[in-house]
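Written out below as structure tokens is the structure these notes cover.
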Amino acid sequence: MSQILKRYDLDKLAVATIASHTALQILRGAKKYGFRTIAIAKNEDIAQFYKQFFFIDEVWTGDFSNFRKTAERLVAENALLIPHGSYVEYVGWRQALEAPVPTLGCRELLRWEADQYKKMALLEEAGIPIPRVYRSPTEVDGPVIVKFFGAKGGRGYFVAKGREELEARLKALGEEYIIQEYLFGVPAYYHYFASPVYSRIEVFGADIRYESNVDGRTFGWAEPTFVVVGNLSLVLRESLLPIIHKYGVQFAKAVEKRVGCRLAGPYCLESIIKDDMSIVVFEFSGRIVAGTNIYMGYGSPYSVLYFDKPMDMGERIAHEIREAAKAGKLDQLFT
């Protein structure tokens, strides 16, 4: 991508993303920092919604089954692509790896995100506590959660109380999955920013996911599911911040060692905090997560610690792009 970036006019950069997930936050932040903005919608109905916002300059409808054409059009527009969960789900990790447009972050990490076993191996490489992973139902000796590969927002995940229930449920599955130990405690999702400009890992915020049939009004009548419908704000105990930052740094080092590229931009570690205050990480996202939407427009509680002013993640991305462009470091941000 470095050759494409060299051809870009740095005075006319555009920021683009798929019209979903965190697009409003990303594009609002980009416009605030003076960039042209492009939203790429799945269909015309979605496009109409995004066209109402003043900070979005152009709204396209794109063919996600053949994203290469859209990527080439983005390059012609001097655009930088910001990936998020809907991009991974709609376009697919294989197309995302090959899309010929500068893309924020460690693009190769998308391949690892698509495989739940590789994800857990990477967390283990980082020296971060993880839940037990069962390769076979015969190993199970307690409650477990079954999760599918890919960015699905929790859709289809289910809990089994033991081996017999698990074996019965697995017979109906037709896609790849992982069986993990079910953890008891408080869910907490940590937002980080890896900055090539400032040479640091920032703890930027945290959230709790609000999940249908787990957190909703079911009164015990509905089977638990884990479809994410929104996110709740979370301010962590200050005594937890050093270990959370340490895990973020260790993860970044493991990515560089095992995946072969440096983290750049936002990422997330997803965890359970147990009653002894220990943290077990069961998932990661190598790009911006929807939980950052909780402080859109008024800034994360930790952004003031780094910049002495409130900043949301969309603004943080735009800030890094602006400073990287000035310093000639865009090729450290985009792959």
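One is the number of the first residue shown, and numbering goes on along the chain from there.
Quick reminder: no glycine exception, Cβ is built from N, Cα and C everywhere.
Swiss-Prot has this to say about the protein:
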BINDING   137-189, GLU211  ATP binding site
BINDING   GLU270, GLU283  Mg(2+) binding site
DOMAIN    107-315  domain 'ATP-grasp'
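Straight-line distance linking the Cα atoms of PRO137 (ATP binding site) and GLU283 (Mg(2+) binding site), rounded to a whole number, equals 21 Å. DSSP classifies PRO137 (ATP binding site) as helix under the three-state reduction. Ranking the binding-site residues VAL144, ALA172 by how many other Cβ atoms lie within 10 angstroms of each Cβ puts ALA172 at the bottom. In the three-state DSSP scheme, ALA172 (ATP binding site) is classed as coil. In this structure, the C-alpha atom of GLU165 (ATP binding site) lies 24 angstrom from that of GLU283 (Mg(2+) binding site). Set side by side, the binding-site residues ILE179, VAL186 differ in how many other CB atoms lie within 10 angstroms of their CB, and the most is found at ILE179. The local packing around GLU165 (ATP binding site), expressed as other Cβ atoms within 10 Å of its Cβ over all shown chains, amounts to 16. Model confidence over the domain 'ATP-grasp' (107-315) stands at 90, taken as the mean pLDDT rounded to a whole number. Listed in sequence order, the residues of the same chain lying 6 or more apart from GLU283 (Mg(2+) binding site) and placing their CB within less than 8 Å of its CB are LYS119, LEU269, GLU270.
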